[in-house]
Amino acid sequence: MFDIGVNLTSTQFASDREKVISRAREAGVTGMLITGTNALESQQAQKLAEAHQDYCWSTAGVHPHHASEWSADVANTLRRLAEKKDVVAIGECGLDFNRNLSAHQQQEYAFDAQLALAAELNMPVFLHCREAHERFAAVLEPWLPKLPAAVIHCFTGTREELTACLDMGLSVGITGWVCDERRGIALREMLPLIPAERLLLETDAPYLLPRDMRPRPTSRRNEPCFLPHILQQVANWRGENVEMLARQVDHNARKLFGLI
């Protein structure tokens, strides 16, 4: 099982980052993608991936929260990072109209620019969308024929939005959000709609600790080593064999990010 979304550059991991990676290995996590959310963190993510070759890879991008930071210098930084073999996707990029930490116009501009970069470099995109589906689709769709692959990370949208994403050819990342008995029930019921070859799993660590873990981790910090719990629950709710699903999501991740 491959974790496609780990915020390993987070300061929450500053004191034990190497142990976090070791625990993931021991738990059976077969690889992980370290998320870049701005120019600096994308550089840090690449360095971590380089230090753990053939187990960690990274993305290079600007999260919509940081879209106001977009500039020609940032674009050039991402371009240079994308030349490195450890960097396998452009992103995390997209739109977030929930928290609006950057203006909508800035978000759309940075999103479109990163899609253009991914198309130019023939790289997959690692996508973010929250409460912005209509504009997200409008910006994304013209680029899809020029992109080798795309995954919408941490999907939490509606059934209609899921159908639209699948119709666009996107793969879908599922996190521990689905384990939340308050917010995750609707998503749980949608799991069987995702074709097996389009399903990816992720922790989004250190965020989104699965609420149904027992005993509950005392730190309340999510880690990649908790991915087996998400896998087990998703397999249960999809009515699938756990081992087969583990192999499937690992294959899906490696295929999407060009690792096989």
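Along the chain as shown, residues are numbered 1 onward.
The backbone N, Cα and C atoms fix where each Cβ goes, and this holds for glycine too.
Counting only same-chain residues six or more apart in sequence, the Cβ atoms lying under 8 angstroms from the Cβ of GLU92 (divalent metal cation binding site) belong to THR35, GLY36, THR37, THR59, GLY61, HIS63, PHE126, LEU127, HIS128, HIS153. In three-state terms derived from DSSP, GLU92 (divalent metal cation binding site) belongs to an extended strand segment. Residues annotated as divalent metal cation binding site in Swiss-Prot, with sequence analysis given as evidence: GLU92, HIS128, HIS153.
Summary of the divalent metal cation site environment: with the site residues GLU92, HIS128, HIS153 set aside, the chain residues having Cβ atoms within 8 Å of the Cβ mean position are GLY5, THR35, HIS63, GLY91, CYS93, GLY94, PHE126, LEU127, CYS129, ILE152, CYS154.
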